[in-house]
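Here is the structure we will look at.
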Amino acid sequence: MWGIKGSCAALLLLFLAYISVSSVYADSLSAPLNVTIKALEGNSAIVTWDILEGDPVIGFAITQQKKDVRMLRFIQEVNTTTRSCALWDLEEDTEYIVHVQSISMSGTSPLSEPVLFRTPKESEKLASKSPDEVTMEEVGQAAQLRAGELIIIVVVLVMWAGVIALFCRQYDIIKDNEPNNNKDKAKNSSECSTPEHPTGGLLRSKV
């Protein structure tokens, strides 16, 4: 009986020791540094961070929270070396708080320093953009419009060229037929100018 109890106690001690070692190892993992918000839009943003060289990081975890609201969004990804993550479905003109944690085989690091940011209004973004600033999306739309305009111009030119060619052909046909028409007219006029007399004699005027 005491042998069974001793074995159970030994196993329990080993388990607690394993948890303690894992906890110490996980606690030795440094929190992410230089957490930054980039590409801030009305409905999205990108969070980036750095880690200490040598930390056995295999992933990350991000907590996203509206300011003064307890609801959290938790994003986690493992088997990755990326140091950035996109935040989506954000609300315009809203403040958010973001924490980042590193993940290793033994657990997670402490939370990073909180980062507070505010999403802009779409109207504010448009007002802040200078007239000369052009985004890649606008460049793509302009290129598509130019391509469509060029296609329309080419089609119109081809149609006009066909119309002109048809007109020239008809004009040549009409011009070629003009000498024959002139000969026929001349022949008809000569026939009408000399009247025929059945008696075959010339009429003389009586004095």
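Cβ atoms here come from the backbone N, Cα and C positions, even for glycine.
Copied from TrEMBL, the annotated features are:
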- 178-188: compositional bias 'Basic and acidic residues' (COMPBIAS)
- 31-122: domain 'Fibronectin type-III' (DOMAIN)
- 178-207: region 'Disordered' (REGION)
- 1-26: signal peptide (SIGNAL)
- 150-168: transmembrane segment (TRANSMEM)
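In the predicted model, residues of the domain 'Fibronectin type-III' (31-122) average a pLDDT of 93. Helix, strand and coil counts from DSSP across the domain 'Fibronectin type-III' (31-122) read 1 helix, 47 strand, 44 coil.
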